[in-house]
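Notes follow the structure.
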Amino acid sequence: MGDKFVLLVMCLLTSTFSMSVAITSSSNGVVRLGLKKQSLGFNSIYAATRIKGRYSTYAKGAVTTTQDSDDSEMNIISLKNYMDIQYFGEIGIGSPPQNFTVIFDTGSSNLWIPSSHCHFSVACFFHSRYNSSNSSTYTEIGKPCKINYGSGMILGFFSEDNIKVGDLVVKNQVFTEATREGSVVLSLASFDGILGLGFQDISVGNVAPLWHSMKQQSLVAQKVFSFWFNKDPMASEGGELVFGGVDPKHFKGQHTYVPVTQKGYWQIDLEDFLVADQSTGCCINCTAIVDSGTAFIAGPFDAVKKINDAIEAKGFVSMECKKAVSQYGDLIWQLLLSGLQPDKLCSSIGICSFNGTQHLSDSIKMVVEQKGETHNDIEVGQDLVCAACELTVAWMRTEMMQKKTRGRVIEYVNKLCDTLPNPTTQLAVDCTKIPNMPTVSFVIGNKSFHLNPDQYILKVEQDMATFCISGFIPLDVPVSPPQGPLWILGEIFMEAYHTVFDFGNLRVGFAEAA
């Protein structure tokens, strides 16, 4: 998540967090930690769509693959499904272990958690903090470090201690004690820290990642870890992370393995991207990063536009604006003709609370004065229906003053709705049309990996209403030939396909999730 595109998920101020209770069981070296789930919320999606980091440095290289290894002596960590976007589990640091909830992130390589020395960052007070004085195995390093994020940064210093993951104890692991978490995102996040599972090449301070230490200390029989994400929000288990092997009950058939093309991220070649079994022509020398810390699927603008056009995805504000015009246009016209004050109109017909304008009036005024121009004044986090109504009223009133007919006014205002911005890259779709949306496919290792619309469309709840959101967002990274466009295959893809990260043979494997 550090130095990369990552989608941190948390609730905003209107949300509350329930604490998970770990239920530990062990049998024959296999450990499962049972964790609770939380349902997906609209505000969480809004907060999640913040593009971060520096995915701009990637290259290609040849890696030789070998056959599957034995699947004994694996260590299993159950994962929590956090609002269907982030999955996290629990680790222990020190002796005796101090427990922390972390995101297991294949898109970064450092482990960091809040420190007891964090006194001036609000984020630290909302999370568990590591206290080195309570650990008998702590070794001081003290070297300062900084980890940058698109929504803030982590300041802290390096320390060394034992890390407990399930029944495994990794000795003398270097990690970061965060003394400053410079982001409200981290303040409100339901995880304490991040455990990076990328390569040492992208690690801040050149710190060896945890899986590398496991390998060096011969803690796992197989040099692999694997993810299973459970998309079912009603299931008791959010998912499973296995160190040292794979759990056969979580996939069907055989894995298709492809080599890692560059150590740093888990980067692979992507041969093609299909919409309705037709090539988009957008993938010449494409590569993809498989990222458990990213919620969506991100790709080149042209390719993402094709799928979003095919599913008729639109910005949330534009969608609600058109709905307001369609449902209330005639009524608004009649009320304006009757002399009702415009700033009272939306509340009088029950769309807005109170006078409905106090928190939106400045934004509405700016939009009306700059109609047709790009602006970022109305945000998805606001009451969309109320905002759409007020836009409709303001635009219709302006056009009425120019003596235009009702039909011309409503037609014009409906067109203006299309000019509204989509500042968070969120694109809404009509939930009723999901069954008729096309299948999309990624060709990896000469095999097509299909995603149906139920897999790539996210459903979120807000105020007793259901919103449907495209799981594809644009990400254009400048490249130099022969390198091609970059894709990020995040949790939406990994929910559909059980994923094996083979650090012994430098390859990634995919099989249909069960």
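Each Cβ is built from the backbone N, Cα and C atoms, and glycine gets one as well.
TrEMBL lists D105, D291 with the feature active site. Residues or ranges marked as disulfide bond in TrEMBL: C118-C124, C282-C286. The annotation domain 'Peptidase A1' is assigned in TrEMBL to 87-511. Feature annotation from TrEMBL assigns domain 'Saposin B-type' to 279-356, 382-472. According to TrEMBL, the signal peptide annotation covers 1-22.
Structural mapping of features recorded in TrEMBL.
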| residue | record | Cβ contacts under 8 Å, 6 or more apart |
| --- | --- | --- |
| C118 | disulfide bond | C124, R129, G156, E177, A178, T179, R180, E181 |
| C282 | disulfide bond | F273, G299, P300, D302, A303, K306, P485 |
| C286 | disulfide bond | D269, L270, E271, D272, F273, G484, P485, L486, W487 |
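Cβ neighbour count for D105 (active site) (all protein chains, 10 Å cutoff from its Cβ): 24.
Across the structure, D291 (active site) and D105 (active site) place their CA atoms 7 angstrom apart. When other Cβ atoms within 10 Å of the Cβ of C124 (disulfide bond) are tallied across all protein chains shown, the result is 23. Applying DSSP to the domain 'Saposin B-type' (279-356) sorts its residues as follows: 40 helix, 10 strand, 28 coil. The DSSP breakdown of the domain 'Saposin B-type' (382-472), given as helix, strand and coil counts, is 39 helix, 25 strand, 27 coil.
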